[in-house]
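Taken from TrEMBL, the feature domain 'CASTOR ACT' applies to 11-78, 201-262. Sequence annotations record features per position, and here TrEMBL assigns domain 'Cytosolic arginine sensor for mTORC1 subunit 1/2 ACT-like' to 116-199.
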Amino acid sequence: ELPPSEFMQVADSTWLVLSVVSNGREPPGCQATGVTKIARSVIAPLAEHHVSVLMLSTYQTDFILVRERDLPVVIDTLAGEFDIYKEESGECVPVTCDDMSNSFLKPKPPASPTLHPVQSPQTRFCVLTVAPDTLPAIATMLIDVLFYSHSPPWDAATSSQDLDSITFFSFSLIEGYISIVMDAETQKRFPSDLLLTSSTGELWRMVRIGGQPLGFDECGIVAQIAEPLAAADISAYYISTFNFDHALVPEEGIGEVIQLLQQRQESGR
């Protein structure tokens with residue numbers, strides 16, 4: 001419904017959403033949540049089969065977006081580990097490899113993926129949700145933050161590893177569930193009694209992936225972050241955007257995260 005505009009860029013591909021539902025058979029002691037929880041079973045296999053993904057973590061769950069044209073490869077890759085269903089007229093219908101194959105050609109194994117630089121600004125973030133019936137009470141503030149609290153112009157000089165802060169605000173509304181990521185200073189502008197967070201009220205630090213816009217064709221970007229964090233059992237909240245990818249990790253673990261990612265960078269050279 002959006003009118004064409006010279007100011008709006010639209011990616012060529014159409015994307016489909018995968019939602020991973022646990023069957024309750026996770027190994028004892030597995031504490032990691034977010035993208036690291038599905039790193040070994042979903043993210044890594046798709047990267048190995050040269051499938052590009054976008055990742056969207058929300059307060060309630062995590063979603064993986066894959067290009068529609070890659071769906072046969074996705075089904076073939078994941079069918080051995082998962083029961084796969086598609087939604088038809090509101091009903092979940094089982095999907096098999098035979099349903100999707102249509103004699104597709106499996107892609108050739110990709111070359112070693114590019115290890116993109118990562119930045120860790122000092123900004124502290126909150127991951128929140130809002131009850132839908134209270135959304136009107138903060139609507140004016142949301143509009144102000146989304147459209148009128150402009151970030152400073154992007155400057156190549158700010159993309160260095162010494163980036164001190166980053167302007168980031170994410171709002172998602174999925175099947176009636178609201179999820180918000182905002183920095184701790186912006187949170188102070190909202191009524192505290194309407195924003196819901198975990199009982200511990202933890203703060204998060206961000207790792208931004210990419211020194212320049214990443215595009216949509218490359219595979220393995222999410223895996224670059226998810227795999228080493230999963231191996232260390234570190235939770236991560238991951239958001240892919242039009243230009244960059246962002247991983248949020250618990251504030252107290254940011255030092256270990258940066259060390260792990262730097263080690264991976266060095267070993268990949």
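Placement of Cβ uses the backbone N, Cα and C atoms for every residue, glycine included.
Automatic, uncurated: that is what TrEMBL annotation is.
On a predicted model such as this, the values are computed, not experimentally measured, just so you know.
Helix first, then strand, then coil: DSSP counts for the domain 'CASTOR ACT' (11-78) stand at 25 helix, 17 strand, 26 coil.
Residue counts for the domain 'Cytosolic arginine sensor for mTORC1 subunit 1/2 ACT-like' (116-199) under DSSP, split into helix (H, G, I), strand (E, B) and coil, are 25 helix, 21 strand, 38 coil. Over the domain 'CASTOR ACT' (11-78) the predicted model carries a mean pLDDT of 83. Here the domain 'CASTOR ACT' (201-262) is broken down by DSSP into helix, strand and coil counts: 23 helix, 17 strand, 22 coil.
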